[in-house]
Amino acid sequence: AVPAGTLSPLQMESLREVCEVNVACDEMADTAGIVAAYTXFYGPVP
C-alpha cells in the first residue's frame, strides 16, 4: 500500500470518490481516514 503522505490531493479525491458510493467505506473513512478505509474495502491504493 502507498503511505498516505505520498498521495497527491488528486489521488486522495479519487479514493474518496470510489469510497463514498459504499456506505460502509464512507463511514470508515470518517473515523479511520480515507486511505485506511479504501485499503480495507478495495485493497492497496493503486
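Heads up, the Cβ atoms here are built off N, Cα and C, so glycines get one too.
Annotation note: GLU13 (Ca(2+) 1 binding site) sits in a helical segment as assigned by DSSP. Sequence-distant contacts of GLU13 (Ca(2+) 1 binding site), defined by Cβ-Cβ distance under 8 angstroms and a gap of at least six in the same chain, do not exist. The Ca(2+) 1 binding site annotation in Swiss-Prot covers GLU13 and rests on similarity to another entry.
In the structure as shown, the Cβ atom of GLU17 (Ca(2+) 2 binding site) sits within 10 Å of 9 other Cβ atoms. Look at Swiss-Prot and you will find GLU17, GLU20 tagged as Ca(2+) 2 binding site, backed by similarity to another entry.
Listed in sequence order, CYS19, GLU20, ALA37 are the same-chain residues six or more apart from ASP26 (Ca(2+) 3 binding site) with CB atoms under 8 A from its CB. According to Swiss-Prot, the Ca(2+) 3 binding site annotation covers GLU20, ASP26, on the basis of similarity to another entry.
Cβ-based neighbour count (10 Å, all protein chains) for CYS25 (disulfide bond) stands at 19. Feature annotation from Swiss-Prot assigns disulfide bond to CYS19-CYS25.
For 1-43, the entry in Swiss-Prot reads domain 'Gla'. Residue counts for the domain 'Gla' (1-43) under DSSP, split into helix (H, G, I), strand (E, B) and coil, are 34 helix, 0 strand, 9 coil.
Annotation source Swiss-Prot lists phosphothreonine at THR6, citing an author's statement.
The 4-carboxyglutamate annotation in Swiss-Prot covers GLU13 (among others).
Annotation comment: Swiss-Prot describes GLU17 (among others) as 4-carboxyglutamate, evidence class sequence analysis.
As annotated by Swiss-Prot, 4-carboxyglutamate applies to GLU20 (among others), with the evidence given as sequence analysis. Within 10 Å of the Cβ of GLU20 (Ca(2+) 2 binding site) there are 13 other Cβ atoms, across all protein chains.
If you look up Swiss-Prot, you'll see GLU27 (among others) marked as 4-carboxyglutamate, on the strength of similarity to another entry. For GLU27 (4-carboxyglutamate), no same-chain residue lying six or more positions away in sequence has a CB closer than 8 A to its CB.
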(request) Would you mind reading off the Cα separation of GLU17 (Ca(2+) 2 binding site) from CYS25 (disulfide bond), to the nearest angstrom? (result) 11
